[in-house]
Amino acid sequence: MPLVSTGELVSAAVAEGRGVAAFNVITLEHAEAIAAGAEQAGAPAILQISENAVTFHGGRLSAVAAAAAAVARASSARLSLHLDHVVSADLLRAADGEGFSSVMFDASKLPYDENVKATADAVRWGHERGIWIEAELGKVGGKEGEAPLDAHTPGVRTDPSEAAAYVAATGVDALAVAVGSSHAMTERTAALDHTLISALRATVPVPLVLHGSSGVPDAEVRKAVTSGMTKINVGTALNTAFTGAVRTFLDANPQAVDPRKYLVPARTAMAGTVAGFLGLM
Ligand SMILES: [Zn+2]
């Protein structure tokens, strides 16, 4: 079916009191697995491509975006395309016309005032083109080149009153908040601050986004959705499934050379992970 917009999927989730999961696309097999997992679960999903994934593809956005969009359009599931963790203003502008209905503009490394200014500019640019903009306040650690933050690391959590002021000053459509999760966790051991999630939900007028959900146990993901998180981002869990399946196959078949032999189980394993997360929404 045609691409759905991320704003539409997130608004529907808010209205129905559930979550909507967003999964990171690195290879074509990731996109195919996300579509297959969404079809299995009978649920909508967001395919997201990060700036790091674009860098992996030689800094060229078009090929990976076109592939993900084509996979989404060929699926019977309701799927949208999102550009994730964009730091580069050039990449933000490249999103227009590539099928993206939303962008996460990441100015979280900047001091507060500069973050507000850069994000407000990105929002103005996006809204002129019907593109929904997500931003981050606080610090969800473990991005490429950083160690995963300990879930209890103090001083990085999002402050509810600052978050409300930030949303008012920037006009963002959704806000990624730091509530105890961290990117790139390969063990699902993160404990979330549910009191903080409830406080943010009460103070912030736009949908909240949980990054680093791969490291969050099932029960905690479910509780986060109940406490008021709407967009649930999952990246590393797909890579854990992918690489685990490839490693198992190659350990058992060290002479294999045809990549289809190990990419089939890798893609099937990722689809299972996708369906599992969608079942928590
Ligand atoms: Zn993230």
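Using the three backbone atoms N, Cα and C, a Cβ is placed for every residue, glycine included.
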Zn(2+) 1 site partner of His183, His211 according to TrEMBL, chosen from His57, His82, His85, is His85
Counting Cβ atoms within 10 Å of each Cβ, the densest environment among the binding-site residues His183, His211 belongs to His211
Just to be sure I understand the packing, how many Cβ atoms besides its own are within 10 Å of the Cβ of Asp106 (Zn(2+) 2 binding site)?
25
Among Asp106, Glu136, His211, the binding-site residues whose C-beta sits under 6 Å from ligand 1
His211
Round to the nearest Å and give the CA-to-CA distance linking His85 (Zn(2+) 1 binding site) with Asp106 (Zn(2+) 2 binding site).
5
Let me know how many other Cβ atoms fall within 10 Å of the Cβ of Glu136 (Zn(2+) 2 binding site).
24
